[in-house]
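*Asks:* So Swiss-Prot says this about it:
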type	residues	note
DOMAIN	6-285	domain 'CN hydrolase'
ACT_SITE	E46	active site, proton acceptor
ACT_SITE	K128	active site
ACT_SITE	C163	active site, nucleophile
Amino acid sequence: MPLTKYKAAAVTSEPCWFDLTAGVQKTIDFINEAGAAGCKLVAFPEVWIPGYPYWMWKVNYQQSLPLLKKYRENSLPIDSEEFRKIRRAARDNQIHVSLGFSEIDHATCYLTQTLIDPTGEVINHRRKIKPTHVEKLVYGDGAGDTFKSVTQTELGRLGQLNCWENMNPFLKALNVSEGEQIHIAAWPVYPGKETLNYPDPATNVAEPASDLVTPAYAIETGTWTLAPFQRLSKEGLKINTPEGIEPETDPSTYNGHARIYRPDGSLYAKPDKDFDGLMFVDIDLNECQLTKALADFSGHYMRPDLIRLLVDTRRKELVTEADPHGGITSYSTRQRLGLDVLLDSDVQKQKKSGASDLGATNALAY
């Protein structure tokens with residue numbers, strides 16, 4: 001039986017821009033802080049490591065190149081000692097960690113979310129299915145075996161989505177169908193509505209994300225919904241501005257947008273503009289009971305005989321090979337990245353020391 005009452009936290013803070021090492025350490029610091037506060041769950045924003053590349057919305061191709069190169073150099077591989085440090089922090093604090101980061105795999109970056117359990121194991125590894133608009137400059141698409149979200153945990157059925165995935169009706173329907181109870185709506189860094197210039201639609205500023213999309217997710221799914229958000233400082237504005245361009249001087253429009261909502265869509269918590277840190281919530285899963293009794297879109301309030309969703313979780317390979325028995329060789333992304341190997345197992349230790357044989361190395365290599 002899952003816990004029905006527990007403490008959780010959502011991060012609203014400034015990332016360590018373009019700095020993988022510092023970003024990993026800041027992540028561990030927040031995990032330690034949440035653990036010391038008695039939290040069972042801590043949730044980080046979208047691509048918290050090494051920060052959301054908001055510059056891609058404001059620069060041309062040539063201006064983007066130095067920033068893009070540095071961003072890729074500081075993105076986080078899954079099968080790395082840096083990521084294992086974060087997993088160990090989850091284990092040390094006996095806490096679930098929902099972590100958003102720029103994952104680099106081969107030569108492609110992905111908008112990745114992982115759910116790490118209190119033993120340090122990765123129980124959900126997902127990639128944003130479609131980067132939004134100019135995000136395609138930086139990131140690739142998730143695959144069939146990396147987009148599902150909802151995971152059964154001791155905290156209940158927990159799901160996580162990135163940014164505008166939270167307003168995708170098909171992903172929302174999929175999560176509802178799997179009985180989601182707690183949702184992480186991970187957001188990047190966004191300017192406020194005062195920056196809006198016609199014809200840019202209001203979809204593209206922070207307030208609709210914080211105050212329309214996120215509570216709509218909560219009320220439509222009947223879930224506790226935590227919305228961690230990144231922040232910006234004056235120094236962060238400078239770091240994210242290409243050379244030769246005058247940086248913005250007022251970061252306040254980017255701050256104060258994190259939220260936590262109850263299962264009925266009512267606001268539980270929002271930060272002050274100058275708040276940087278953890279937002280806490282006392283979750284009671286029984287608050288989902290009446291919201292779902294009124295509108296359970298995966299059960300008594302749906303008509304699957306009339307409306308159904310087709311989901312394909314197969315990975316589509318660029319190259320397929322025949323196996324010795326005449327079938328098609330296939331693999332899962334999870335297996336290729338070594339996520340099926342227990343944290344600090346003998347296989348991982350051998351790999352770290354270089355003592356593993358070639359076959360074991362190839363099985364876990366990128």
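For all residues, glycine too, the Cβ spot is worked out from N, Cα and C.
Walk me through the surroundings of each of these features.
*Replies:* When averaged over the domain 'CN hydrolase' (6-285), pLDDT in the model lands at 97.
The DSSP secondary structure for E46 (active site, proton acceptor) is coil.
A sphere of 10 angstroms centred on the C-beta of K128 (active site) encloses 26 other C-beta atoms.
In the three-state DSSP scheme, C163 (active site, nucleophile) is classed as helix.
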*Asks:* Around the Cβ of E46 (active site, proton acceptor), how many other Cβ atoms lie within 10 Å? Please give the count over every shown protein chain.
*Replies:* 27
*Asks:* Measuring Cα to Cα, tell me the gap between E46 (active site, proton acceptor) and K128 (active site) in whole angstrom.
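*Replies:* Their Cα atoms are separated by 10 Å.
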